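Just below is one structure, and these are the notes that go with it.
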Amino acid sequence: MSLTAGIVGLPNVGKSTLFNAITQAGALSANYPFATIDPNVGIVEVPDHRLQTLTEMVNPKKTVPTSFEFTDIAGIVEGASKGEGLGNQFLSHIRQVDAICHVVRCFEDENITHVSGHVDPISDIETINLELILADLETIMKRYDKVAKLAKQKVKDAQYEFEILEKLKDAFENEKPARAIEFTKEQEKYVKQLHLLTIKPILYVANVGEDELLDVEDNENVQKVKEYAANEGAEVIVVCAKVESEIAELEGEEKEEFLQELGIEESGLDQLIKASYNMLGLATYFTAGEQEVKAWTFRKGMTAPQAAGIIHSDFERGFIRAETVSYNDLVEAGSMAKAKDAGNVRLEGKEYIVQDGDVIHFRFNV
Ligand SMILES: Nc1ncnc2c1ncn2[C@@H]1O[C@H](COP(=O)(O)OP(=O)(O)OP(=O)(O)O)[C@@H](O)[C@H]1O
């Protein structure tokens, strides 16, 4: 399932440092040897403690985590929507990603120039968001006048379309993103095909200084970003990109020890991966056999045959049933055989909606 989150931010806020941590982490994991082939794409493992537990239970030859993709998007400057700087290229890159991770500078360092002269996270966020809103306004205005004319002539579909465009125009003119508007399910379908930038889910990455990592609650800049994000219903991850690049060079026990020394439980990068995964409505199911225990990414809401199709199209085409046990039930039982005895392994059919943490054995026939 290759959905990707794009990393954006003003110049000099720490994007490259964070992206390097991502590629470094990806390069370390044996499962993705080609992770750094495309210089703008970094592939990382999705951290999931359940995989470890299943491995201990099943003792397979191989354990394979699922992965997630980040795309590095070149710096934006004010005026991008008018094609300034690398503006047009920037916007077209954002158009191709499924979600946005917006890096915001919260660290103070006199030696590192800030584009507007001083650290001001909200002004930084607004600068980028405004460029995206202006680009979206331009997109809808290409249709607006034509649709308005047809709506006046009482053409039925045009009236429907006009109502939506009017809502969007109003929001954009008030500097609000499309994601802040509530649409009906039917309207959502129409909005989707407009390919707007501000409809994409977003999360903010507050990049703090190394010394500030431990008391982020007292960090004024971080609090400002949190307040701003809360108004949008968006999430904030606090990282120190510089430290992340050091953590990314470590694995296993070494990494655990370093995190302990820093006094943090989970690396910022791991938090970012999980949050990005959730933001895209992704979840994980597992297959667990003697050969291999493997995590698979699926989109929440997928039926069992659709989820089976992620492994192989034959699994979907010839789907018979999904022998399913939830991760919690399996762990409680202690083994697949015991879970079966306890009646916790269900035979699910074509209509079954796969749940996060399901451990599944697909039966199929082609
Ligand atoms: N959390 C941090 N604390 C201190 N310094 C940092 C932090 N994050 C990044 N830096 C430093 O800030 C400078 C700019 O970082 P970086 O090159 O990653 O920014 P960028 O957003 O990629 O910039 P550009 O878009 O111009 O390429 C670098 O010198 C980097 O080491």
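Cβ coordinates come from backbone N, Cα and C, glycine included.
The domain 'OBG-type G' annotation in TrEMBL covers 3-259. The ATP binding site annotation in TrEMBL covers ASN12, VAL13, GLY14, LYS15, SER16, THR17. The coiled coil annotation in TrEMBL covers 148-175. Per TrEMBL, domain 'TGS' is recorded for 281-364.
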For the binding-site residues ASN12, THR17, the one whose C-beta sees the most other C-beta atoms within 10 angstroms: THR17
Binding-site residues compared (VAL13, LYS15, SER16) - the one with the fewest other Cβ atoms within 10 Å: SER16
Number of helical, extended and coil residues in the domain 'TGS' (281-364), per DSSP: 26 helix, 35 strand, 23 coil
DSSP-derived structure type at THR17 (ATP binding site), helix or strand or else coil: helix
For the ATP site built from ASN12, VAL13, GLY14, LYS15, SER16, THR17, further residues of that chain with CB within 8 A of the site's CB center: GLY9, PRO11, LEU18, VAL103, ARG105, ASN207, ALA241
